[in-house]
Amino acid sequence: MKVLWAALVVTLLAGCQADVEPEPEVQLGNEWAKWQAGQPWEQALGRFWNYLRWVQTLSDQVQEELLSTQATQELTALMEETMKEVKTYKAQLEQQLGPTAQETQARVSKELQAAQARLGADMEDVRNRLVQYRSELQAMMGQSTEELRGRLNSHLRKLRKRLLRDAEDLQKRLAVYQAGIREGAERSVNTLRERLRPLVEQAATVRSLISKPLQERAEAWGQRLRGRLEKVGTQAGDRLDEVREQVQEVRAKVEEQANQMRLQAEAFHARLKSWFEPLVQDMQQKWAELVEKVQLAVGTSPTSESSEKQ
């Protein structure tokens, strides 16, 4: 495959055979240059186109490849790759189309299928021409093949022009299809926006209507709560004053009772003193008399003893 692509590059640089009209080939080559940087299916079609240009050179290497089945296999692989990329791109566009009108989607899909079928038929025709040329070339081995080359070259040139025309038609239809998708998406977005706008405005109105009573209720509830807190504070202050007064009353009563108890104790002490004081005085007097008697007795006793001894 690398050898084929190297030969392709050399062929593109060298140009076509002398029996091919140069000016139309240059124009077609310029037309196909833009396909190299497009969508994946366009790039695949460009590779098919370049392979066809290489086959059209009818060089000795190409004749050897055509006598084998490799050229047909390569061409078949490029055809399948191109049609696969076309189907993939078409499926992506259909997926992007979304909820577009079914009638429009069916019509556009039908047009794309027709253009896709024409492109596939053109590539199939190219492959059949190459198979026919290989059969005729094998039958004419050793004979002059100039007439066969000229006929194949003419057919391939016409097929390339038709292939370019059908490819451009498919490209235009896909572009229209994609533009329709964008317009449909924009219309859907605008329609959705128009439908949602009244709902958004209504929601804003309802929110404002709901928020006002809620705010009023919150303010009323806050006022009631403040009133209750103030009432509780006032009641607590009054209760504290009552408790303070009760404490003062209890303190006064306790002090009064303490004074009464002190007075009673003093009175009782006075009564006890009045009771026992005469007794104490009498006992003290008797005790003094007893002491005096003892002293007198003790004082007279030594005097009598001393007189007896003398």
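For all residues, glycine too, the Cβ spot is worked out from N, Cα and C.
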Per Swiss-Prot, the range holding region 'Specificity for association with VLDL', considering 24-36, 37-49, 271-283: 271-283
Per Swiss-Prot, the range holding region 'LDL and other lipoprotein receptors binding', considering 56-66, 155-165: 155-165
DSSP-derived helix, strand and coil totals, residue by residue, for the repeat '8' (227-248): 22 helix, 0 strand, 0 coil
